[in-house]
Amino acid sequence: MTKFIFVTGGVVSSLGKGIAAASIAAILESRGLNVTMLKLDPYINVDPGTMSPFQHGEVFVTDDGAETDLDLGHYERFIDSTMTRRNSFSTGQVYENVIAKERRGDYLGGTVQVIPHITDEIKRRIHEGAAGYDVAIVEIGGTVGDIESLPFLEAIRQMRSQLGRNNTLFAHLSYVPYIAAAGEIKTKPTQHTVKEMLSIGLQPDILICRMDRTMPADERRKIALFCNVEERAIVGSYDVDSIYECPEMLHDQGIDNIITEQLQLNVQQADLTAWKKIVHAIQNPKHTVKIAMVGKYVDLTESYKSLIEALKHAGIHTETDVQITFVDSENIEKNKGDVSMLKDMDAILVPGGFGSRGVEGKIAAVRYARENNVPYLGICLGMQIALIEYARDVAGLKGANSTEFDLKCAAPVVALIDEWQTADGSVETRDESTDLGGTMRLGAQEVELKAGSLAAKIYGSGHIRERHRHRYEVNNNYVPTLEQAGLVIGGVSAGRERLVETIELPNHPWFFACQFHPEFTSNPRKGHPLFTAFVKAALNNKKA
């Protein structure tokens, strides 16, 4: 029978529930357990696919093509399980399914209510996502006390009642602030958030206290007394330089022993050797490189979370401190293509994105990298931008652009593909009036790499599988012209469309761009060959 750990948060949002939950999962996995994780989001959006990155941060794409919360990226980076669409759902999805059942008559004319119909659907989805695992860690988004979270909290209250204390555990994160003016740690917010939980029938088994300093013993005793939690189950989650220090930090306080005892799990001792090696590599780099990330969401770096982590992973595996400088492509555009801020950079990266804002600034950055032999990595839109720049400035295609930015451009080298065959053989059609939500090329796709190409050299294989998230594709009608001008198409999709997947420049020290998102499959234990190669290229440029 699967055991459940429910992770909630109180006082304020952005406490790090996802990191705490993933760290617990990593510790339990090191003890020989088969662990999965679920994220339950209280918002009414069906998924975050059409939400602004400034509001939601990154959209993480699973192997099976679900657009999910960025916390699922943390889950995959901390444990070996691959997330699927079953590992994430929102209020919108729950209501959508319940309403569809009502319309079909599944409820036999009964009155459809939050309890039991909505809560039953939530429980059904939790059990579905947890099936086949020893332990499922379920993170409830939002903050306890929010109206939006109530159906989810009621559902897990029912699960405790139905499954019992030895099969369920509640871990609650709370903020314990230090008031500098008073010189004191304040426990009152934690007392109030636990009171809020008790009012809806939830008693935390573990309290994880987010703090910027070590918790004094007397404050720990005070929290235990007022919150009715064992003193040893008051666990500190302190500010650290790297999130990969968190598993060891929580393990050192015995959190896994508390969990295994309550859930009656007879398992081996934790082995965090791999995590210790990762932390040691982060703390003891031998080299340093500066990489410019030129994008339009740079004011909220959470928009590029997986990408930032993938570069850090490459740093771990090359013993390098990867220093990322975020460059707003709009500023380049406003300053008439001034890229002087890139001159001290060892490499340049243009990430994915949507819309025309800041595009010409990105094109200027690509031009600088190409003309000055600076290592360049383009991802998704970053590949399309590189291709547009090459089409304009090298292949001589005047008016080259993407129809995403200019529907009537003279040379649409990137365009909306209006028809293709999906993995199951059905034909998808798209046009300008198609709904935005769920209408992209999503999830893992097969890619064939050209023998002798930089792509094949990086991956060490002629066939790879990478995750995608985009609507627009390179227009194959222009490929012969671009190839005649020296552009190398190093990878194409394995389907009948033969869509362009990677491009490279043979006469450049290191110039590579891909339509897919390799950052979604990087983790600190293994890294990713593409990012490792990119950081090595930056190191070589630095030495030169």
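Placement of Cβ uses the backbone N, Cα and C atoms for every residue, glycine included.
Annotated L-glutamine binding in Swiss-Prot involves Leu381, Gly382, Met383, Gln384, Glu404, Arg471 plus, out of the candidates Gly315, Gly337, Gly353, Gly527, the residue Gly353. Among the candidates Lys39, Lys101, Lys222, the one that Swiss-Prot lists alongside Ser13, Asp146, Ile147, Glu148, Lys186, Thr187, Lys188, Pro189, Thr190, Gln191 as binding CTP is Lys222. Fewest Cβ neighbours within 10 Å among the recorded positions Lys188, Arg471, His517: that distinction goes to Lys188. Annotated pair Lys222 (CTP binding site) and Thr187 (UTP binding site), C-alpha to C-alpha distance, rounded: 8 Å. Considering only the recorded positions Ser13, Leu15, Asp71, His517, Arg471 (L-glutamine binding site) has His517 as its nearest partner by CA-CA distance. Spatially close to Glu404 (L-glutamine binding site) yet at least six residues away along the chain are Phe354, Gly355, Ser356, Val414, Leu416, Arg471, Tyr472, judged by Cβ distances under 8 angstroms.
Between Lys17 (ATP binding site) and Met383 (L-glutamine binding site), the C-alpha separation comes to 34 Å.
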